[in-house]
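Contents: one structure, followed by commentary.
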Amino acid sequence: MKPLSRRLLSRSLRARGLRALVAFLISFALGAIVVLSLELRAELRTLQEEPVDSLQWNVTQLELDVVRLEAAVALAQAQAPAQADPQSQAQVSLTELRKRFDLFYNRAGTVTQGTMFAQLGLLEAVLPLKARMQGFLDSTTPLIDGTDVDLRAALPQILASVGALRQDMRVMSIKVIDMNAALQDSRRTGLSDILQMIAIASVALIVLLLGLLGLVATLNRQAARRAREVKRITSRLEATVGTSLDAVVVAGMDGLVIDFNAAAERIFGYTCAEAIGQPLGTLIVPPHHRAMHDAGMVRMKATGVKHVVDSGRMRMTAMRKSGAEFPCELSIASNDSPDGMIFIAYLRDISDAQQAEAALVAARDEAQGAERTKSNFIAVMSHEMRTPLNGVIAALEIIGRTSLDAKQARFLGLARSSSKQLLRHVNDVLDISRIDAGFVALAEDRLDLPALLATLVDPLRPAAAQKNTQIAVQLLSDFPPLRGDPFRLGQILQNFISNAIKFTEDGTVTLEAEMQQIKGDQAEIEFRVIDSGIGILEADQDRIFDDFVMVDPSFGRTGEGTGLGLGISRRLARAMDGEVGVESTWGAGSCFWLRVPLTVAGDVAANRAVTLASNLPAPNLLAPLLAVATSGALDILVVEDNETNRIVLEEMLRHLGHKVTLAMDGGEGVVAARAHPFDVVLMDLSMPLMDGWTAAALIRSEGASRSSRIIAVTAHARPDRMDRFAESGIDSWLTKPLSTRDLAAALTFDTGAALAGPDAPLMDMDRMAELAQIAEPQALARLLAQFQTNMDGILDSIDAHAAAAPSASLAATCHEGAGAAAVIGATRLHAHLARMEALCHAGNRTAVLADHAGLRALWDATRAALLAQA
Amino acid sequence: MSVSILRQSLLGANFALAALCAAPVFAQDMAAPTGDVILTVSGNIASSNGNDVLALDAELFAALPQHSFTTGTIWTKGTATYTGVLLRDLLAAVGAKGDTVMLTALNDYLIEMPASDALENGPLLANLSDGQPMSLRDKGPIWLVYPYDDVAEYRSEQTYARSIWQLNRIEVAD
């Protein structure tokens with residue numbers, strides 16, 4: 001850029017210098033020619049007016065006249081007069097002599113007096129001649145003018161002086177002629193010099209002019225070439241604009257159309273001739289946008305601020321000649337042209353594109369809807385299958401406790417394993433649906449990796465032992481305290497280990513955990529399950545993580561597994577931002593790995609089990625609780641994986657006079673809760689395999705205890721995920737370490753820890769939104785209508801039973817109503833009915849009746865809110 | 001200026017006179033000279049005073065239309081007023097028919113010129129210089145002069161050559 005501009009600058013300077021030089025030279029040559037021509041003209045004029053030839057003539061004539069005079073004198077002397085006869089020859093010769101003298105006199109006068117010699121610059125040269133002639137005339141004239149006698153007497157003297165004069169004049173005249181010749185020579189030389197200079201100047205001028213002519217021709221050629229170039233570019237541009245599929249409309253600062261291309265004609269319906277000169281606003285802007293357009297133009301003119309111009313692509317509505325409006329994509333550029341600012345609008349009719357887009361979106365929505373319907377169907381089916389299946393399993397359990405003969409026991413075992421297998425399959429399908437629907441919420445619980453791995457492996461040891469296979473756990477790193485979802489992590493690893501056991505005979509299965517790296521608060525952990533089994537063919541390694549893939553035919557024959565296990569594992573790993581994979585050699589074994597980022601826990605909290613154990617209540621504190629015991633024993637399910645905690649909790653509850661059932665993990669808790677209607681479920685949140693959240697949600701979803709109060713037991717000083725309580729159907733929570741007093745308070749309704757009470761929101765909007773998302777609109781409407789009918793019936797039933805309160809049938813009805821309200825998200829109604837139920841169980845007639853009084857009003861309010869929703 | 005106006009009015013008067021009495025004046029019987037003849041006109045002329053020749057003495061010459069101008073010449077010092085008859089007027093007066101005029105001097109100098117060169121501001125047959133008759137010693141009796149100072153074209157070699165002095169004969173040729 002710089003060198004170029006410098007070069008251009010120096011070129012222009014050079015050009016300017018050259019121009020000045022040429023102009024100077026031409027002026028100089030012209031000036032020289034003019035000056036020389038003037039000089040030449042003057043010289044020629046002088047030459048023309050000069051009596052040059054006359055000088056020669058006069059000198060010759062002078063000499064001739066002298067010779068003639070001499071001859072006349074000689075003749076007169078020779079003819080001496082015989083007598084005084086005027087006609088005599090002697091007299092005639094005298095007259096002739098006098099005439100000759102006069103002629104010479106006249107000639108001499110001409111020479112001496114004339115300006116001829118002065119004009120020729122020969123005055124000096126002529127002076128001696130003049131003096132000599134004057135001398136002769138002075139001496140001779142008196143004689144000529146005298147008498148004939150005197151004249152005749154003086155003839156010899158005159159003859160002598162004329163002879164002398166002739167000789168002198170000869171010499172002098174030759175000298176004058178020589179001098180004149182020299183003078184004329186020099187003048188001719190001068191003239192020739194002038195002519196030569198004129199010629200040189202002329203040649204120089206011609207050369208210069210030829211040069212200029214050449215320059216002009218070159219410039220002309222360049223200009224023509226440039227003109228051609230410009231024309232070519234212009235025509236190319238015109239062709240480009242003309243063939244553009246987008247409308248190109250050019251307008252000036254005054255908003256009047258300057259140009260309108262073919263596409264614009266086609267899109268808008270105006271011809272170019274119609275459009276040009278028309279205001280853009282009335283031409284293509286729809287009437288209802290016109291005010292805005294005009295205001296924009298005015299603002300831009302006033303302030304120069306452009307909102308639309310040069311701001312890229314945007315969508316607007318434009319109008320055709322017919323008045324029809326259509327959506328368009330528009331970008332406007334501005335340009336400073338020599339005639340002022342112009343605006344170039346590129347405009348694309350996108351009505352077709354929009355229609356196509358809408359059709360595409362509709363098709364996609366339809367497809368997604370169909371897919372969702374299918375998924376929902378599978379989920380619902382699995383779900384519906386699970387309920388009777390649980391019943392079957394529970395029934396089988398009960399049969400198992402009766403006395404059976406060997407054959408019955410064998411078939412019962414078969415039925416139990418088959419039904420458990422079936423439950424696993426159903427759960428797998430449900431898992432897939434849930435994960436795919438994005439319904440899997442990952443916990444951020446504290447992870448005790450060594451404990452977790454041990455817990456995973458232990459239940460599987462018997463199965464491994466049957467195949468004479470050893471299971472080993474190896475921790476290859478020191479792990480910082482971590483947070484993550486122990487249940488999902490366990491699910492993946494358990495799947496790996498189960499697979500490894502299945503394909504390994506007389507070998508080993510090793511579970512390894514190793515920390516790969518820590519970045520900030522993220523630790524990347526790799527888990528490996530290495531077996532010495534049969535391995536996997538390389539061709540199969542890529543597809544074993546796909547759904548419904550079973551590489552071992554025998555595996556399929558046994559009917560174990562759906563082929564979904566690894567698919568679920570991969571989905572879960574990805575949900576945790578992790579990855580799963582396999583490395584295997586056929587015949588030598590396999591290594592399944594899981595790499596997953598886990599959060600490094602900031603606080604190093606003490607082991608919760610230890611704190612719980614140290615907080616055993618003192619015996620003297622039990623006294624106030626006896627009152628509670630008398631108010632009515634509750635049927636309580638304790639779900640707690642830690643044995644110590646379990647024992648402590650059981651002991652405390654028994655002291656409070658309640659009936660206690662124990663479950664050792666989430667899954668067991670769910671099974672128990674579904675099988676039996678508990679009044680209260682005490683749920684530990686942090687459990688391996690299935691955490692408290694999940695278990696609570698599952699209990700709420702179905703079964704005998706779906707309307708039970710679920711109280712979470714957590715180590716967190718203050719639960720940071722309150723929303724998850726409501727989501728999982730947890731009513732309240734207790735913080736570890738537990739005291740008997742807190743426990744007793746939580747079990748009555750005097751605690752402020754209850755989430756749902758009179759102050760609870762009327763409706764759980766999130767729940768409604770969730771329902772709206774899951775269910776089709778018609779289905780939702782039907783559900784709501786059914787709920788209202790159902791609830792009306794329940795309220796009637798409650799009214800009918802109220803007189804006999806508290807009764808078991810009233811409690812059952814309240815329970816049913818609370819469940820229905822919970823499903824629909826009628827939080828306050830649910831809480832109210834649940835409390836009535838609890839009070840019924842507690843036998844508190846007064847409180848039940850008090851609550852019953854406000855029930856109808858609450859239902860009306862809830863119904864109004866529901867209608868507002870619908 | 002005044003000279004020019006005078007000359008023009010004189011010319012006009014002469015033409016009128018010539019038109020009125022062309023035939024009777026220029027008849028065969030033109031008056032014969034009584035004094036010394038200063039100029040003879042011969043050749044193709046309509047009027048003469050004997051032997052087809054018109055001989056003019058000073059008196060007859062003075063009777064012809066007179067014209068004068070003042071000029072310098074390359075042969076004289078200063079300027080002088082020359083008076084005489086315009087060649088043109090003379091040719092008209094003699095009823096010259098020829099195209100060429102030949103003029104001869106006493107010293108046998110001879111010039112020839114087309115009759116058409118005899119212009120109204122052209123050659124003057126002067127016999128007076130500053131009112132005085134010109135002697136033979138001073139270019140007399142008649143000198144054919146031009147107004148060199150007034151007319152640039154007359155300051156030329158040809159005109160100088162035609163400025164014949166001591167003129168005494170004119171012949172009109174075809």
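Cβ atoms are placed via backbone N, Cα and C, with glycine included.
As given in TrEMBL:
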- A:52-79: coiled coil (COILED)
- A:233-312: domain 'PAS' (DOMAIN)
- A:380-600: domain 'Histidine kinase' (DOMAIN)
- A:635-751: domain 'Response regulatory' (DOMAIN)
- A:D684: 4-aspartylphosphate (MOD_RES)
- A:20-38: transmembrane segment (TRANSMEM)
- A:194-219: transmembrane segment (TRANSMEM)
Average pLDDT across the domain 'PAS' (A:233-312), rounded to a whole number: 84
Annotated stretches the domain 'Histidine kinase' (A:380-600) and the domain 'Response regulatory' (A:635-751) touching (3 or more Cβ pairs under 8 Å): yes
Surrounding residues of the transmembrane segment (A:20-38) on its own chain - C-beta under 8 Å, 6+ positions past either end: 194, 197-198, 201-202, 204-205, 208-209, 211-212
A:D684 (4-aspartylphosphate): tally of other CB atoms within 10 A of its CB: 27
DSSP-derived structure type at the residue listed as '4-aspartylphosphate', helix or strand or else coil: strand
